[in-house]
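According to TrEMBL, the features are:
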{"type": "DOMAIN", "residues": "13-284", "note": "domain 'Aminotransferase class V'"}
{"type": "MOD_RES", "residues": "Lys201", "note": "N6-(pyridoxal phosphate)lysine"}
{"type": "BINDING", "residues": "Arg351", "note": "substrate binding site"}
Amino acid sequence: MFANGRTHLAIPGPSISPDAVLRAMHRTSDDIYGADMAKMADTIYPALKALAMTTVAEPIIYVGNGHAAWEAAMANTLQAGDRVLVLSTGLFGQGWANQARRMGADVDVIDFGLTDGADPARTRDALAADLAQNKTPYKAVFLSHVDTASGLCNPVAPIRAALDDAGHPALFMVDCIASLGCDRFEMDAWGVDVVVATSQKGLMVPPGICFVYFGPQAIAARGALGVVPAYWDVQTRLPDNPFHWRFGGTPPVQHLHGLCAALDMIMAEGLDNVLNRHAVLARSVWAAFDVWAEQGPVALCVADPALRAHAVTSAIAGPGNGLRLRNWTETFTGVTLGVGIGREQGDDYFRVAHMGHVNAHGILGVLGAMDAGLKALNIPHGRGALEAAVTVIADATSATA
Ligand SMILES: Cc1ncc(COP(=O)(O)O)c(C=O)c1O
């Protein structure tokens, strides 16, 4: 009915791919040994480094999704029996922990819940106790920068400080799958040793390639390992290898063209502008939720704005209402919201993505669709959400208008 026309995918990955990215991918393959292909390295690697704000780490591209990125990170740094501490704030911390166990690591998890973020003081105490009590301390500490299920954005620099305060030598490994290109992340300044990311969220490229940044400590850790499965081995993928060899086999040609186009778009806009766009659009979404929450069951899951991701917002809508609202917006407006995941009553929740190729009219359309859905479904809510969202955007532009 009213959904005919261009649909809008507001799930937190895969995100919307720009036409420029899709056009760049729509081609037959290049000669993978040719000079044209090798030239892509000049765009890809400097831009990937700039995105994560690193000059010392090497970003490596793997064919695979986020789970592959986790595995690549671990295959190069851990061996069976190594001890790992996972700071979990939602589904994806638990997922990374499970995968580490399946690789034979001995995993401890501190579960910080879904609303408050990883606590630096508790982390420091756990690490200090580890050093005091164990002959073989943790080899690595894992943290999700943004947990896409809970919508939490964790404080990365304070967790680094917790490692330093405890004098702990563990590698600090951070999952930026949902945050890269959306939430500010400073790999070098924040002392992160390994970063994992993927193409299909803030980078706006269809799923299929992932990135692992190895800092100097991580590359040293790889050097100290005996055997690393050949496909994951960072040593054969470092810059001193020819471009086409850096993929462990045939390069993902079309994805690399799409990635070049996406990185060109990000660099043309300017990373600070990209991050500011995400911040303002996220604030406009939260402003709408604050108004809806004035009456009825709809509420944001993360109370502290400083801990909310700029990439995705997670919300509760009352019993079964998350599912009802999603079905309604998809059927009647062409807007697909994200499902509630990592919760016992998933149908009570939903998520709104504001990552990657998003702008003011797209987000205001999503909010309008949700507002209409709340009314059509008779889910009680405060009135005036769109006014609040629009005001955030208007205020953010007033200095430049
Ligand atoms: C924070 C985070 N980590 C890991 C993953 C797993 O990535 P994938 O589904 O591409 O394997 C996701 C997926 O949404 C994610 O959001």
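Just so you know, glycine gets a Cβ as well, placed from its N, Cα and C.
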For Arg351 (substrate binding site): DSSP state (helix, strand, coil): strand
Cα distance (Å, whole number) from the residue listed as 'N6-(pyridoxal phosphate)lysine' to Arg351 (substrate binding site): 14
Overall pLDDT for the domain 'Aminotransferase class V' (13-284), taken as the rounded mean: 97
